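Listed features, source TrEMBL:
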BINDING   GLY76, THR79  Na(+) binding site
TRANSMEM  33-55  transmembrane segment
TRANSMEM  67-86  transmembrane segment
TRANSMEM  98-117  transmembrane segment
Amino acid sequence: MHPILTIGLGGFAGAVARYYLQAWANLNFPSALVAVGTLSVNLLGCLIIGALAAWFQAKELAGSTAWFFFVTGILGSLTTFSTFGLETYSFFKSGMTINGLANIGAQVLLGLGMVWAGDKLMQAWL
């Protein structure tokens, strides 16, 4: 299968997953301090990408069709940070400085921690 088609199919699946997970989180945590829907998809995506990157590298499959489908396609559309930027900007623009700063801290620090955790989980499993 052509890499672009593989990425596109994965991107479709990731975008649909993002929509449902973000909607669920926003519905269940409507008054959270941060943009909880975006935080949820970004943390989950960071955990999964940490684990998959470790697995694909261990199996010498980085750059394979499966890599394009799962990492570039699904996770690429699931964990976009463009929404993060827009929501953080909106907090600051609305005078909600504490919310904006909390959003930055939660997205970046927790996201990096989840990539580390995903890597460690996969390394232990391998």
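Indices start at 1 and increase along the chain as displayed.
Keep in mind that glycine also has a Cβ here, set from the backbone N, Cα and C atoms.
Through the fold, the transmembrane segment (67-86) approaches residues 3, 6-15, 17-18, 35, 38, 41-42, 44-46, 48-49, 52-53, 56, 61, 103, 107 of its own chain, all at least 6 residues removed from its boundaries and within a Cβ separation under 8 Å.
Taking Cβ pairs closer than 8 Å, the transmembrane segment (98-117) reaches residues 33-35, 38-39, 42-44, 46-47, 49-50, 81, 84, 87-89, 91-92 in its own chain, all 6 or more past its ends.
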